[in-house]
Amino acid sequence: MTIREHVALSVAQMAQWASRQFGFGGGTNLPGRIARRIAPDVLRHQTKRLSGGVVLVSGTNGKTTTSRMIAAICSQQGQPALHNRAGANLITGLTAATLDLGIWGQPHYQRALFEVDEAHLPAAIAETQPRVVLLLNLFRDQLDRYGEVDTLAAKWQKVLASLPSTSTVVLNADDPAVADLATGLQAQVLFYGLEDQRHGNDALRHAADSIFCRRCGQPYRYEPAYYGHIGRYHCPACGHRRPEPNVILRQLELDGTRGSTLRVIAGQNQGQQALELNLPLPGLYNALNALAAIAATSALNVPLPIIRNALEQFSAAFGRIERFEYQQKSVLMALIKNPIGASETVRMITSGSQAPLNLMIAINDKIADGTDVSWLWDADFEALAGHTQRIVVSGTRAADMANRLKYAGIDQHQLQVEPDLAQAFDLAIAGDEPLTMLPTYTAMLEMREVLVERGVLKPFWES
């Protein structure tokens, strides 16, 4: 490491300490920005120190939860990974995370695990030369971020082609935009996929994105579609179809908001083996996150019993699926940020609900949320109709959300609009019922600040 890089990391460490000490944030991005300004190649050289290599996780939905699952599995194995745990997933966040390797002597970790924003994945691959790249899915996110699915897929394809045969690319077989990235790679490819058709539909829903054949442009046929454009697809025109997965979710039993049971066929070098586990996270999408984590750690040759033990003890990242008690009432907070994620979250909270829901929905339109909230009209909020007793709507776009719920068929007498998040929370929690909160990203962070001040939650960098 050069003297310039030592200086860059030392200054970045001081910036991180000051950021946390004086309340400027978690010190998860600014130190990386400073380090890169002083020494642009600092991430490249820091990750070269890792004998176990780098694992990158990217995709529109699920990357924070899935990367935390992989981190838990690595820790269970006795080989904890350096991890951008707070979710700072731009290239500056990855750089800041390497401060925990230390500057002098041997690095404090053998392996790094980075969640990576979709647009920053090409740079992350170029700078870290990863051992494993896990790609979860590609959906439209907020409508003003990064352009169309095909644009991102083309950028990913180009950079993945640069990986050597010593790398492994783990791909979601059920997402045609992701599965097609296997074409022309030198790297090893491992597919994972769901084969329990009870959780599918005969036809695509309106929020589907990648619906046309990657070869001939004709519409795919799904038998079935699980959500969005995720499913068992084939092209009746040219025959292009979903690849057969190597890691298979054979059977999935969902238990409402409580969790699920997975029966997986997995394994690499020692042949395929069966794995059954009880996942303490709810929802189809979290089961698929767990399947992705199983596939990625199989590529790292982690034994299946270790994977099972880690996942059965797992708790989600802050705000994604977060449970806590407030004034002796249970609260479930689940992040929503795009049509597919919101639709699946609504599906999850309504599927196991016996009593009508007491709900708070907080929609912001800041840069990290996406300033265009027209995505609300593509999310399946109609599924809430008949499942709610009260909905408090908040955030900078509370009025837009209230209007969306009106057209979703929600009884207007159930709606209460309060743009201030703290006051909205107090209104929503005032009854005797449990509360379910659905915030966008910055609304979740602001709501957590309120709850941290009230002594209910820890700051996100301590979570």
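Placement of Cβ uses the backbone N, Cα and C atoms for every residue, glycine included.
Curation does not apply to TrEMBL; its annotations are automatic.
Noted in TrEMBL for the protein shown:
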type	residues	note
DOMAIN	57-198	domain 'Mur ligase central'
BINDING	Cys213, Cys216, Cys235, Cys238	Zn(2+) binding site
ACT_SITE	Asp372	active site
Counting across all protein chains present, how many other Cβ atoms fall within 10 Å of the Cβ of Cys216 (Zn(2+) binding site)?
11
To the nearest whole angstrom, what is the C-alpha distance linking Cys213 (Zn(2+) binding site) and Asp372 (active site)?
28
Just to verify a number: CA distance, Cys216 (Zn(2+) binding site) to Asp372 (active site), in angstrom, no decimals.
32
What other residues of this chain sit with their CB within 8 A of the center of the CB atoms of Cys213, Cys216, Cys235, Cys238, the recorded Zn(2+) site?
Arg214, Arg215, Gly217, Gln218, Tyr220, Pro236, Ala237, Gly239, His240
Around the C-beta of Cys235 (Zn(2+) binding site), how many further C-beta atoms are within 10 angstroms, looking at every protein chain?
19
For the domain 'Mur ligase central' (57-198), residues assigned helix / strand / coil by DSSP:
57 helix, 25 strand, 60 coil
For Cys238 (Zn(2+) binding site), just count the other CB atoms lying within 10 A of its CB, please.
13
Quick one: pull the CA-CA distance for Asp372 (active site) versus Cys235 (Zn(2+) binding site), whole Å only.
33
Just to verify: the residue among Cys213, Asp372 with the fewest other Cβ atoms within 10 Å, which of the recorded positions is it?
Asp372
